[in-house]
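Below is one structure; the comments refer to it alone.
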Amino acid sequence: MVPTPDTTTSAQSIQSPKVKETWKRNVWKQKTATRLLAQDDQMIKLKSKEKKFPKICSVHKALLCFYSPYHDRLLDGEFAEGLVPPSEPLAMHANASILQLFFKWIHTGLIDIIPPLSENSCNSRWFSGTTKLYILADEFNCVALQRTVVSAQLESRKNMDLASWNKIGLLSNSSLESSGLYRYHLEAFAQHWSGVTEVEGTSSGPCSKQENPMPTDFAY
């Protein structure tokens, strides 16, 4: 049947709330988080990947499923886990420190690592932590967290040099060359690199071809 203007308008009006709600997933907002926390008190336990003494965090299911489409499908979709609440913590492909960062972000929208060049900060630790957090966000298809990380690393560029090769290698080794964060670093190096890069909070000259630790597919 060919849709008439009336039926088309009706269909759009039915779909628009869902489309709007899906869009809200892409940005962390305090108002949205507060609403989600108020509507459901069911908790889901997440476990870090350590075999000995893993960290376990309890996260509100509504909040987790809203910002993580992966968990939405897992817990509220057609998977077996969605039929009965899981009795065991869900294993994460992240260590305890990254799980803690994810837990703090999903409840506050903040990345809980001291920013680069702040008092008592460690630039290498900050870049490594935020990059690993981005990799976890990609696994969950959590666009809001990916945007938070990219924005944070963009803001850090005002205070320090370009990211070191090994931080970019984290993305390359995770097959994330098409990700937004990798493409951001690629463009930053293409436009701003002057033969100097930061290594563990200091600057050093360009690496020799024999010792070049950059990902092999990274553009020069």
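Glycine too: its Cβ is placed from the backbone N, Cα and C atoms.
As recorded in TrEMBL:
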| type | residues | note |
| --- | --- | --- |
| COMPBIAS | 201-213 | compositional bias 'Polar residues' |
| DOMAIN | 40-115 | domain 'BTB' |
| REGION | 201-220 | region 'Disordered' |
DSSP puts the residues of the domain 'BTB' (40-115) at 31 helix, 12 strand, 33 coil
In the domain 'BTB' (40-115), averaged pLDDT is 88
